[in-house]
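Asker: Swiss-Prot feature annotations, pasted as is:
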ACT_SITE  ASP11  active site
ACT_SITE  ASP130  active site
REGION    134-157  region 'Disordered'
Amino acid sequence: MLAKRIIPCLDVTGGRVVKGVNFLELRDAGDPVEIAARYNGQGADELTFLDITATSDGRDLILPIIEAVASQVFIPLTVGGGVRTVEDVRRLLNAGADKTSFNSAAIANPEVIDAASAKYGAQCIVVAIDAKRRTPEEAARPGPDGAPRGEGWDVYSHGGRKNTGLDAVQWAAEMARRGAGEILLTSMDRDGTKSGFDLALTRAVSDAVSVPVIASGGVGGLDDLADGVQQGGADAVLAASIFHYGEYTVAQAKERMAARGIPVRL
């Protein structure tokens, strides 16, 4: 079994790392370059950098900050937020990113994943999916075939502001077919709540795709990370709050996972 990865996440807006609850109530967590260097030193397997307001603000990529972060880390760096085109992938790779993450742009134009993967390889194309469990009212609404949609999760775009009506599990499968090398799966219901991953969502997507799935949204303790792997079927686990505010270190997270029989790089 391959080692499971622990990935701290930097949600960035206005040049600062922030953390919210359910994608709202953002709280400052510090300077992205300093925080990235800290996680690099703690032994994180990878780092994810998400410009969380680039798409909703219609802004360009913040290349100077990305270059500064890339200069401080010697582990794979994934950058997302405002990635719209194959040309954006080139610009980010040149700025020091190892992988690029598409979200809203893939929803607007799914073919961009085919094109980016064909040009740069699936290994550097991540598709981020922000998913929210359907309300009973949403589940009762008819789907494309006229039957009630039923329980499940919908995909949201524009930083979690817009329900696309896409089914999260089906969307993940389509993105993998089109050439995504990895799925970054965030539960909006659990984001920042510290109540653990949405394991049913994680498992449903993990079972539907053959590419690695990164579980995100809801980590409150070290056992939540292990549960994401053992119960959710995730290949990697992403967390922010528990690391940013000093509750736990990456090393402690790896020790707990190893103690539960999960292979990690110590």
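Every residue, even glycine, has its Cβ placed from backbone N, Cα and C.
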Asker: Compute the C-alpha separation of ASP130 (active site) from ASP11 (active site), stating it in Å without decimals.
Answerer: 14
Asker: Which sequence positions outside the region 'Disordered' (134-157), separated from its termini by at least 6 residues, show Cβ-Cβ distances below 8 Å to it?
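Answerer: Counting only partners 6 or more residues beyond its ends, the region 'Disordered' (134-157) has Cβ contacts under 8 Å with 55, 103-104, 107-108, 163-169, 171, 187-188, 198, 201, 204.
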Asker: Translate the DSSP assignment of ASP130 (active site) into the three-state scheme.
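Answerer: SS state of ASP130 (active site) = strand.
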Asker: Across all the protein chains here, work out how many other Cβ atoms are within 10 Å of the Cβ of ASP130 (active site).
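Answerer: So the Cβ neighbour count for ASP130 (active site) comes to 27.
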Asker: Looking at Cβ-Cβ distances, which residues of the chain lie under 8 angstroms from ASP11 (active site) while being 6 or more apart from it?
Answerer: VAL17, VAL18, LYS19, GLY20, LEU26, LEU50, ILE52, ALA240
